[in-house]
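K.L.:
Let me give you the structure first, and then I'll get to my questions.
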């Protein structure tokens with residue numbers, strides 16, 4: 001461990017930014033997801049770019065985010081390299097690298113040490129919602145790029161007192177609203193911080209306030225009020241208020257504990273340092289208190305919010321068959337739930353101790369909470385207000401998905417990293433181990449998802465080409481069905497539903513498993529087979545999983561098997577499972593064409 005810490009401290013050997021980007025690029029080469037296929041909702045966004053290329057500049061009725069700037073960026077890129085999923089995936093990778101570069105610039109601006117910067121950059125890179133979205137054309141990483149750039153310039157304004165940075169912060173903040181409406185959080189944050197400064201110094205700079213407001217409002221309004229088609233098939237295109245929930249639903253969401261496991265998980269590299277500095281008696285207390293908390297976290301299946309990241313796999317809620325894997329098993333989930341509980345309780349005790357210590361120190365100095373004390377550290381104030389804002393804005397919108405909280409997670413990691421450096425708390429080799437754990441989980445579930453889906457699309461296209469089956473008559477998954485229907489209907493305006501009410505495919509492409517026992521599999525099954533485990537701690541399931549599955553896609557003896565191909569997946573292979581994709585059709589498929 002000491003050798004690792006010495007390596008982290010050696011500035012001549014490791015540049016945190018360089019090593020992070022190299023790891024990212026290397027991981028992408030292993031991922032190997034370069035085939036032309038969509039992921040989740042990015043087929044909507046790719047079609048919007050295609051619509052722009054045809055001269056249809058009114059936004060599709062089916063698209064929720066503003067997306068305008070991202071679509072124009074995609075259009076320019078597409079003119080050079082073609083408009084397709086593979087090409088736009090490369091564009092997103094470049095923007096994701098730029099996000100990491102900007103985070104590094106923010107950490108440098110905040111004077112975060114190199115020993116803390118490297119684990120922080122690696123942690124942010126492998127936050128599942130960031131890493132998985134970096135190989136799609138989803139809006140998350142594009143939006144993140146602009147809000148990070150805006151944050152960097154606003155913090156530069158606070159630290160360097162240079163007005164040009166306020167103007168740039170406003171411009172990039174306004175541009176962020178042209179990707180996602182959530183960018184309004186930064187406007188509120190900057191206004192709040194600036195008002196605090198005005199009240200503190202009793203001096204209002206009109207030019208500065210105009211530099212803040214005008215670009216934000218003009219660019220933001222351009223995104224929000226961009227012309228959009230309206231469709232009866234999507235009521236939200238007719239009534240914007242449907243994007244929000246009522247006040248009575250907001251309060252329960254805010255106080256819901258489901259977000260806590262994510263916080264505990266992503267802050268493991270920091271909490272492990274704090275745990276090491278606690279005395280043995282307090283450590284023992286934390287370890288005891290973590291038992292009941294870990295049980296609660298385990299029972300909600302740890303990452304309850306869902307949509308993108310589950311231990312069962314990416315987008316597992318939409319998967320027809322959820323199987324046991326390296327992470328989706330009782331022993332690992334119990335271990336991770338306990339680790340997260342230790343992290344959360346350690347962080348809570350650290351916060352309480354810090355507040356008590358600070359209060360005692362302030363009382364000795366007859367210190368009072370006032371504007372001067374609130375604005376003493378403007379960096380912390382800015383980050384805290386924006387973190388609260390990015391959390392609350394997700395809570396008031398109609399759907400709460402884990403990927404919508406990506407900005408909240410990343411700003412939180414930046415804040416904690418800054419506080420650690422400010423308090424001279426160094427991340428150590430154990431922090432790096434926690435980063436490796438998070439990276440390991442993120443990469444392997446992403447690898448399985450992309451390799452499996454890539455092969456499915458390859459076989460579906462092969463089936464269509466070689467056997468002359470219309471793509472619309474093939475079922476791969478819900479994304480495939482929606483994509484094919486969108487192109488079949490030329491639904492660039494979003495005037496038709498994303499998926500038809502009547503859909504009867506007769507050819508199917510699906511994964512299945514062949515099990516061979518190995519040591520790990522036997523140990524896991526032996527543990528899960530115990531009576532106590534079955535009765536009290538049976539493997540929790542994803543709620544409402546498989547809701548979008550089709551009823552007739554189960555292979556049986558009457559079906560005609562056409563392709564049967566194996567693909568590598570360590571999260572299954574390490575448990576003795578071999579993963580295959582098979583393409584098959586109903587026995588009378590030729591008559592149905």
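Every residue number used here counts from 1 along the chain in the order it is shown.
Any Cβ shown, glycine's included, is placed from N, Cα and C.
All annotation found in TrEMBL is predicted automatically rather than curated by experts.
It should be emphasised that the depicted structure is a prediction, and the values quoted were computed from it without experimental measurement.
I grabbed these lines from TrEMBL:
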| type | residues | note |
| --- | --- | --- |
| DOMAIN | 78-203 | domain 'Glycosyltransferase RgtA/B/C/D-like' |
| TRANSMEM | 12-36 | transmembrane segment |
| TRANSMEM | 56-78 | transmembrane segment |
| TRANSMEM | 90-110 | transmembrane segment |
| TRANSMEM | 116-135 | transmembrane segment |
| TRANSMEM | 142-159 | transmembrane segment |
| TRANSMEM | 179-199 | transmembrane segment |
| TRANSMEM | 206-226 | transmembrane segment |
| TRANSMEM | 254-275 | transmembrane segment |
| TRANSMEM | 335-357 | transmembrane segment |
| TRANSMEM | 378-397 | transmembrane segment |
| TRANSMEM | 403-420 | transmembrane segment |
| TRANSMEM | 432-450 | transmembrane segment |
K.L.:
If you average the pLDDT over the domain 'Glycosyltransferase RgtA/B/C/D-like' (78-203), what number do you get?
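P.N.:
Mean per-residue confidence for the domain 'Glycosyltransferase RgtA/B/C/D-like' (78-203): 96 out of 100.
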K.L.:
Would you kindly check 56-78, 90-110, 179-199, 254-275, 432-450 and say which stretch has the most C-beta pairs under 8 angstroms to the transmembrane segment (378-397)?
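P.N.:
Per the Cβ under 8 Å count, 179-199.
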K.L.:
Taking the transmembrane segment (403-420) as the first stretch and the transmembrane segment (142-159) as the second, find out whether 3 or more Cβ pairs fall under 8 Å, excluding pairs closer than 6 in sequence.
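P.N.:
By the criterion, they touch.
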K.L.:
Looking at the transmembrane segment (254-275) and the transmembrane segment (206-226), are there 3+ C-beta pairs under 8 A, with each pair at least 6 apart in sequence?
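P.N.:
Stretch pair does not touch.
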